[in-house]
Amino acid sequence: MYHLFHGLYEFLTRKEEFNVLILGLDGAGKTTFLENVKTQFNKVEGIHPDKIGPTVGLNTGKITLPSTILHFQDLGGQRALRGLWHRYFAQCHAVAYLIDASNRDRLDEGWMVFDDVLSSPQISGVPLLLLANKQDAPDSLTVEEIRETYEDWWNRKHQSQPRTPLSPIGGTGWHTGEEERRRMGSLDVMGISALQGTGVREAIDWIYIRVQNSRKRDEPDD
Ligand SMILES: Nc1nc2c(ncn2[C@@H]2O[C@H](COP(=O)(O)OP(=O)(O)OP(=O)(O)O)[C@@H](O)[C@H]2O)c(=O)[nH]1
Ligand SMILES: [Mg+2]
């Protein structure tokens, strides 16, 4: 009898688990974001921003939400490390791509890498949230400006080269930008300050809802 009730209890209280990838250029604020998420959602505080250095490899973290556990993988964004990202694509259920909205000099590089992520076939269909980080910085671009700079970059790229080779991230072959065009139209962009924690809860709410919805879509009809 104990086993029966224990099994029922386990079934009723079980939590679904999802993997969330945190991507973006080095210095975009990925680890600061992850540690802030831990501080806001867990009982044990995340690492203080002063103690965070460049990531070589990956950092992980997990938070528990109603009926759901989100596992985060924060991957190092330095150029030499980006070639490893695709190894995590097959198992991910959502992507948060961070852009440093206060660093205009690296926007083009950030969009190039973002474009590579978007055009990866394994990411197709996975909820993807663009986070315009460092909104606390005085010269930071707004969400709307960030969106415009991406569209501007994308138009420039497609005027100069209608067919582009797939990235070191995406694998081999060619793409025409159709997937990017589709995703760009429905792209969600949110402004955050990973340092101050503003907008972080809203970003997690977005991910939580989207992974639940995409899971429901994947379930076979009875
Ligand atoms: N002003 C401001 N600075 C931030 C914010 N988020 C991160 N930073 C700073 O940006 C720098 C880089 O932050 P990290 O979190 O290490 O960046 P990362 O994306 O993990 O970088 P890699 O590990 O090299 O890929 C640090 O000095 C952070 O304090 C933010 O919201 N506002
Ligand atoms: Mg890092």
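Backbone N, Cα and C atoms are what each Cβ position is placed from, and that goes for glycine too.
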Which of these, GLY76, GLY77, GLY83, does TrEMBL say binds GTP at the same site as GLY24, LEU25, ASP26, GLY27, ALA28, GLY29, LYS30, THR31, ASN133, LYS134, GLN135, ASP136? GLY77
When DSSP is mapped onto helix/strand/coil, what comes out for THR55 (Mg(2+) binding site)? coil
Quick note, GLY24 (GTP binding site): same-chain residues at least 6 apart with CB under 8 Å of its CB -> LYS30, GLY77, TYR97, LEU98, ILE99, ASP100, GLY110, VAL113, LEU131, ASN133
Quick one: what's DSSP say for LYS30 (GTP binding site), helix, strand or coil? helix
Cβ neighbour count (within 10 Å, all chains shown) around THR31 (Mg(2+) binding site): 25
Here the 10 Å Cβ neighbour count for ALA28 (GTP binding site) comes out at 25
